[in-house]
C-alpha cells in the first residue's frame with residue numbers, strides 16, 4: 001500500500017499543474033475534507049527526492065488509476081437505491097448550498113483582505129492599518145439554514161463520504177483539485193439517479209394510474225404527458241452507463257464522454273417534450289377547470305407520501321429542469337479539469353452539445369407561444385396608415401405597454417391650460433415598432449411604425465417632477481418615409497430605462513458586458529427564484545451569477561447571466577451582490593474558459609474521437 005500511495009502521488013504531481021486555481025462555490029467544501037489537510041504533501045511519507053527511486057511507478061494519472069481496485073457493482077446500486085431525495089428536493093438543496101458556500105467564500109476572502117496588509121506597505125502603514133477597525137460588510141438577508149453535509153437523513157452524499165473511498169486512502173493521495181473534480185462528476189451521476197427516481201414516479205404514480213387512464217381521453221393524455229416514456233428510457237440507459245463507469249474504479253476517470261455521446265445522439269427526446277410545454281400547461285389548466293374527477297384524483301395522488309408534498313406540476317417540468325441543470329453540472333466539471341487535457345476537450349464537447357440541445361428546447365417553447373401571441377395581436381390592430389403585416393415566423397414581441405406622449409410644441413409645455421401628455425400604446429417586436437392609440441373594444445389603432453434598426457433614444461435631462469422619466473424617441477424613417485420625434489414619459493425610472501434598452505439594444509449601458517472580456521464587473525447571485533412577467537425580463541434560477549449592465553433607483557437590474565449570456569431585467573431583491581473582486585474575477589475567468597473558442601488541437605482531438613466512434617459502430 002505504501003508503494004501504491006507513493007506511486008499515485010508521483011503520478012498526480014506529474015499530471016497536475018503546480019498551481020491550483022481558485023475553487024468554485026460548489027466545490028469549496030473539498031478543501032476542508034477529512035484527510036485533505038495532508039493532500040498537499042504526497043501521501044504516506046514519500047518525498048519528491050524518493051519518487052525517482054520507484055522504478056515501477058506510473059508516470060501519468062491515468063496509469064495510476066489502473067492500480068486502484070474497482071468498487072463492487074452492488075455498492076453503487078445500493079447507493080443509487082438509497083437516494084432518498086426526489087430531484088426537486090435534490091436540486092433545491094444543491095443550489096442553496098452553492099449560494100451559502102459562495103457567501104462564505106466571499107466573506108472569508110474579504111476578511112483576509114481587510115486583515116492582511118499589502119506586501120508593499122511600510123511597517124508604519126501596517127501599524128496604522130492594525131489600529132483601524134475593518135469595515136463591516138453590508139448586512140445580507142439570511143437564507144434558510146441547511147445542513148446537507150452533516151445531516152445523515154438528507155441522503156445528500158459526497159464522493160469523499162463513501163465508505164469505500166474513506167477506507168481506500170485515496171483522499172490522502174489525491175491532489176485537492178482532483179478531489180473537487182471527483183465531487184463534480186459524482187454529483188452529475190447522483191443527481192441523474194435522483195432525477196430518474198422522480199421521473200419514474202411521474203410515470204408509475206400519475207401517468208399509469210388506472211383511474212387516470214379512465215378519466216383522460218388518449219389525446220388528452222398524449223398532450224399532458226407527451227413523450228415522457230421516451231425521456232424515461234433515455235435517462236435509464238444514461239444512468240446505467242454512468243453507473244458502469246463508476247464501477248470501473250473508485251476514482252472516476254471521466255463522465256463527460258458519456259454525456260457528449262448522449263447529448264449528440266439521444267437527448268433529442270428532451271426537445272420534443274419541452275417544445276410541447278405550452279400546450280401541456282394549457283391542457284393541464286383546462287382539465288382542472290372542466291373535469292372534477294381529474295382535479296380530485298390529482299389532489300389525492302399529490303397527498304401520497306411518495307410525492308413528499310410536491311405538486312403534480314413540479315413533476316411535469318422535470319425534463320426541462322434537468323437538461324438545463326445538466327449543462328451547468330458539465331460546466332462545473334469543466335472548471336475543474338486540467339487545461340489543455342483530453343478531459344477538458346471532452347468536457348468542452350459535451351458542453352457544446354448540451355448548449356445546442358438547451359437552445360433547441362428554448363426555441364421550441366418560444367415558437368409555440370410566439371405564433372399564438374402574434375395571431376392575437378394582429379386581430380386587435382386597426383391601421384390608420386398603410387397596413388403592415390404583423391405575423392411572421394421570424395418576428396416576436398419584445399415589449400408592449402402604455403406611455404404618455406407630450407402634446408404640442410416645446411414652447412407650450414408650461415401652459416397649464418392644456419393637457420401636457422396623452423396616452424399612446426407601443427408594440428415593440430424584434431424587428432419592428434408599432435405605435436398605436438387604444439380604442440374601445442380592446443382594439444388598437446395604428447398611426448405610425450418604423451423598423452427597429454432605425455430607432456434612436458435619448459434620455460431627457462432632469463427638468464423637474466413634471467418631466468421626470470421622460471425620454472426622446474426618434475424614428476429615422478417612419479411609415480411616411482420621414483423622420484419623426486416623440487417625447488415620451490414612463491411611469492417610473494425603471495420603466496423608462498427598460499423601454500430605452502429595448503428600443504435601442506446597442507445603446508451603451510452603465511456597466512460593460514461579458515463580451516468586453518474585462519476581468520471585473522459588478523455581479524450578483526440569485527438567492528430567490530424569479531419568473532419573468534414581461535418579455536424583456538429574465539427568469540432567474542437559484543445560484544445564477546449575473547453581470548450587472550444597468551440598474552435603477554427603484555430596484556431593478558439589467559443583467560447578463562454568465563452561463564448562457566442571456567440578458568434581461570429582474571428585481572434587485574431577488575439577488576445579492578458579490579462584493580469581493582477576486583470572486584468576481586474568478587467567476588469571469590471560469591466563464592471565459594467554458595465559452596472559449598475551438599483551437600486546432602481540440603478540433604483534431606474531436607475528429608479523432610468521432611472517427612473512433614464510427615469504427616466501433
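Even glycines carry a Cβ here, placed using N, Cα and C.
According to TrEMBL, the feature compositional bias 'Basic and acidic residues' maps to 14-29, 595-606. As annotated by TrEMBL, region 'Disordered' applies to 14-54, 102-141, 595-617. If you look up TrEMBL, you'll see 121-134 marked as compositional bias 'Acidic residues'. The domain 'DH' annotation in TrEMBL covers 180-364. TrEMBL lists 396-508 with the feature domain 'PH'. According to TrEMBL, the domain 'SH3' annotation covers 519-580. For 607-617, the entry in TrEMBL reads compositional bias 'Basic residues'.
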For the domain 'SH3' (519-580), residues assigned helix / strand / coil by DSSP:
3 helix, 29 strand, 30 coil
Secondary structure composition of the domain 'PH' (396-508) [DSSP: H/G/I, E/B, coil]:
17 helix, 53 strand, 43 coil
For the domain 'SH3' (519-580), provide the mean pLDDT of the predicted model.
92
